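S.K.: This is the structure I have questions about; it appears just below.
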Amino acid sequence: MATCQQGCAPVVHLCQKLNRLKTLDDDMMATSLKRCLSTLDLTLMGVGGMVGSGLYVLTGTVAKDMVGPAVIISFLFAGFASLLAAFCYAEFGARIPKTGSAYMFTYVSVGEIWAFLIGWNVVLENMIGGAAVARAWSGYLDSIFNHAIQNFTETHIMQWNVPFLAHYPDLLAAGILVVASFFISFGVQVSSYLNHIFSTISMGVIAFILVFGFMLAEPANWSQKEGGFAPFGLSGILAGSATCFYAFVGFDVIASSSEEAKNPQKAVPIATAISLALAATAYILVSTVLTLIVPWHTLDPNSALADAFFRRGYSWAGIIVAVGSICAMNTVLLCNLFSLPRIVYAMAEDGLFFSIFARVNPITKVPVNAILVFGILMATMALIFDLEALVQFLSIGTLLAYSFVAASVIVLRFQPEKTNSKGTASSSPNPNAETSPAPSESQTITEESGELKQYESFSDKLQLVERQKTRERRGVGQLKAFWEPYLGRVLGNCEPGEVVAFCVLTLIVSSVSLCAVLEFGTKQLHLPVWSFTILLVIFSLAFLLSLGLIWIHEPQTNSKTFQVPLVPFTPGVSILINVFLMMKLSSLTWIRFTIWIAIGLFVYFGYGIWHSKEGMRELQPKDMAARYVVLPSGSLVETVQSVQPDGRVDTSVHQINASTSSTAEEYTGKR
C-alpha cells in the first residue's frame, strides 16, 4: 500500500498543480492600468463590439445560405443564449473587476489548466473576430467600387487556389488592422473616444435603415412563392443560431474592461444589460427589414443591406448604409484590438504566458507589446483566410468560454469565501463588501460524525462546542436545513462545496451526452427509437438531478454586487444551450479547434506550468500557523506548526477540556 501511495504521489501533485486556483489581492481595485471608463463608455464598447459586420454582413449570409427570413428566430434564439451568458459575465465582472474576462473567472473558481485553455481560446476568438471583421470591412468597401480592389489584387499582385484559404491576399484588411493597432496603443481614452464617434454614426445609420426599410417593405417576400418564411426548417434555424451567436460575442469586452472602469460593481452589469438589449433589438429588426425589402434568396452575402437598397433604386441610401457599415465595423475592430491584448496581459501577469506581454507602458498605461504583436498576427490572418471559415471557427471558442463561465458561477456561488489573515473576504470586490459568516455561525458539528473540524479562532469555536447539539443555519456550500433530515446521512459529511463541484461536472457531462444524442442519435448513429428514448431520459434525468442537488445547498447571499438570478438554473440552461449550439457546428471546425487546443497544451506544459505565479507562491515559506481541532468528544486540540524555509515542520499539541467557558478563559489568560 505504501509503495502504491508513493507511486501515485507525483500524479496527485501534478493534478494539484493543474487545478490550483488564483489567489486574489485584498485590494481588488488596485491595478497598474488606468481606471477611467464610465458606464456610458462600457455600454458603447459593448454595442460597438456586437453591432458590426454581424449586422451588415452576417445577416445576409445566414439568411441566404442557411435560414431564409427565419433568420429573425435564429437571432432571437442566439440573443437569448447570449443573455444567459451575459448574466454570468456581469456577475464576475462586478465581483472580480480584473482584466482577463473568461480566463480570470475560470482561474478563480475552477483551476489553472482550464483557465489557460479558456484564455487560449478567447485569444483565438478575438484574433479571428478581428480578422473576420477586417475581411468584411474590406469586402464592403470593395463592393462600393464594384470589386475594383479585388480585381486589381488578383490581376496585378497574386491569387491562389488553396483549400480553406481566401482566393487572394486581402491587403486592405491587413492594412486597416495595422492602423487600428497603432491607434489602440495610444491609450484607453483614445480608444474610447474613437469608439464613441463610430458608434454614434453607426446607431444613426441603423435608425435610418429601420425607418426607410419598413417604408419599402413588401410582405410578399415572405410568401410561399419566394420559398416561405422558414425554407430550411427547424434544423436550418438552429444551425443559423449557432452561426448568429458570432454576432453577440462582443459583450465580453465589457468584462475585459472592468479593470479600467471607475465603478465596475455598478457599471459592468448595467452596461452589459443595456448593450445586449440594444444589439439584439437591432439584429432582429434589421433582419426583418432586409428580408422584406428583397427576396431572401437574391441577397448578396458580402454587402446585403447596401445591395438591397441599390436594387430597389435608392443608390443614395445604399451609400449611407455602406458608410454606416464601415463605421460599425471600425467599432468592432477597436473592441477586438482592445480586449485581446488585455487577456494576453492577464495571462502573462499570472506567469502562464510569456512575460514580455505583461509589460505596461508607463505613459499610456496599456500593454503595448501585446497590442502590437497580436495586432500583426490578426492582420496576417485577415490577409490569408476567408470570412466564412473565420466565422465558423470563431463560434466554438466563444461557446466553450461561455460554458465555463456559467459553470464557474455555480462553483463560486456555493463555495465559502476564503479569508485572509485579516479576516476580510479575498473575493470581495470592494473593501466595504460584507465578509462571509465566521465558521462559528456557518458550520455545525454532528455528533455521529467522527471527522475532525479545523478552525482558526479559539474563543469563537469554544462557544460552538457548547452549542453543538443545537440546530443552526447551514453554511455556504452545505445542505440546507430543510433537507438535512432526508439527505444528511448521505451528503452531510461532505466538505462545503464538494457536492456542488461534483454536480457541476455531472451537469456538463450530461449536457454533452444529451445534446450529442439529440444531434447525432437518429442521423449518424442510427439509433433505434427505444434506445434513443432511453438515452434521452437517462441524460435528461442526470441533468435535472444535478441541478436539483446543487439547489438544495446553501448559496452565498451576502454579496453587494450583481448576482445571476435563479442559480443554478440560469447558468445550467446556459451550459445546455451553448453545448447544443457547439454540436451544430461542422466537423472541420472541431478539427481546427482540437489542433488549437493541442498547441495550447504544448505552450502551457512547456512554459506556463513552470512560470505560474501561483506555483511560486506555494513554494514560499509560510509563517507560524495555529489551528484548533474539535474532537467528537467535545474537547479542543491546539496544533501549532512552524514551517521552516527548508520544509521542516515543528509541531506541538495542546489538549484542552473545552466543556465550560471558564476553562477557555483560563487557557486564554495563560497564553
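Cβ atoms here come from the backbone N, Cα and C positions, even for glycine.
Look at TrEMBL and you will find 37-58, 70-90, 102-123, 171-190, 197-217, 229-255, 267-294, 314-338, 366-385, 499-521, 527-552, 564-583 (among others) tagged as transmembrane segment. Look at TrEMBL and you will find 419-446 tagged as region 'Disordered'. Annotation comment: TrEMBL describes 421-446 as compositional bias 'Polar residues'. TrEMBL lists 562-612 with the feature domain 'Cationic amino acid transporter C-terminal'.
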S.K.: Counting Cβ pairs closer than 8 Å, which of 37-58, 171-190, 229-255, 267-294, 527-552 has the most of them with the transmembrane segment (366-385)?
M.R.: 171-190
S.K.: So if I exclude everything within five residues of the ends of the transmembrane segment (564-583), which remaining residues of that chain have a CB under 8 angstroms from its CBs? That is, six or more out.
M.R.: 78, 80-81, 84-85, 87-88, 90-91, 238, 241-242, 245, 395-396, 399-400, 402-403, 406-407, 409-410, 413, 507-508, 511-512, 514-516, 518-520, 543, 546-547, 550-551, 555
S.K.: If I count Cβ-Cβ pairs under 8 A between the transmembrane segment (229-255) and each of 37-58, 70-90, 102-123, 527-552, which range comes out on top?
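M.R.: If we count Cβ pairs closer than 8 Å to the transmembrane segment (229-255), 70-90 scores highest.
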S.K.: Under an 8 Å Cβ to Cβ limit, what residues of the same chain, 6 or more beyond the ends of the transmembrane segment (314-338), are close to it?
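M.R.: Non-local partners: 45, 47-53, 55-57, 126-127, 129-130, 133-134, 136-137, 140-141, 143-144, 176-177, 180-181, 183-184, 188, 191, 194-195, 198-199, 201-202, 204-206, 208-209, 212, 216, 250, 253, 256-257, 303, 305-308, 371, 375, 378.
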S.K.: Grab the same-chain neighbours of the transmembrane segment (171-190) for me: Cβ-Cβ under 8 Å, and only residues 6 or more beyond its ends, written as numbers and ranges.
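M.R.: Same-chain contacts beyond the flanks: 33-34, 36-37, 130-131, 134-135, 137-138, 141-142, 149, 153, 157, 257, 260, 330, 333-334, 337-338, 341, 361, 364-366, 368, 371-372, 375-376, 378-380, 382-383.
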S.K.: What residues elsewhere in the chain lie close to the transmembrane segment (499-521), defined as a C-beta under 8 angstroms and at least 6 residues from its ends?
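M.R.: Hits for the transmembrane segment (499-521): 403, 407, 410-411, 414-415, 477, 491, 527, 532, 535-536, 539-540, 542-543, 545-547, 549-550, 553, 568, 572, 575-576, 579-580, 582-584.
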S.K.: Would you report the average pLDDT that the model assigns to the domain 'Cationic amino acid transporter C-terminal' (562-612)?
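M.R.: Mean pLDDT for the domain 'Cationic amino acid transporter C-terminal' (562-612): 87.
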S.K.: With a Cβ cut-off under 8 Å, give me the same-chain residues at least six positions beyond the ends of the transmembrane segment (197-217) that come close to it.
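M.R.: 44, 47-48, 51-52, 55, 282, 285-286, 289-290, 292-293, 305, 309, 312, 314, 317, 320-321, 323-325, 327-328, 330-331, 334.
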S.K.: The transmembrane segment (70-90): which same-chain residues, six or more beyond its ends, come within Cβ distance under 8 Å?
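M.R.: Counting only partners 6 or more residues beyond its ends, the transmembrane segment (70-90) has Cβ contacts under 8 Å with 59, 62-63, 101-102, 105, 229-232, 236-238, 240-245, 247-248, 251-252, 254-255, 268-269, 272-273, 276, 279-280, 283-284, 287-288, 291, 296, 402, 405-406, 408-409, 562, 564-565, 570-571, 573-574, 577-578, 581.
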S.K.: So which residues does the transmembrane segment (267-294) touch in its own chain, when a touch means Cβ under 8 Å and the partner is 6 or more beyond its ends?
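M.R.: Distant contacts of the transmembrane segment (267-294): 37-39, 42-47, 49-51, 54-55, 59-60, 63, 68-69, 71-72, 75-76, 79, 82-83, 86, 89-91, 93-94, 97, 206, 209-210, 213-214, 216-219, 221-222, 244, 247-248, 250-251, 254-255, 258, 261, 304-305, 308-309, 311-312, 561-562.
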S.K.: Can you break down the domain 'Cationic amino acid transporter C-terminal' (562-612) into helix, strand and coil residue counts using DSSP?
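M.R.: Tallied per class, the domain 'Cationic amino acid transporter C-terminal' (562-612) gives 40 helix, 0 strand, 11 coil.
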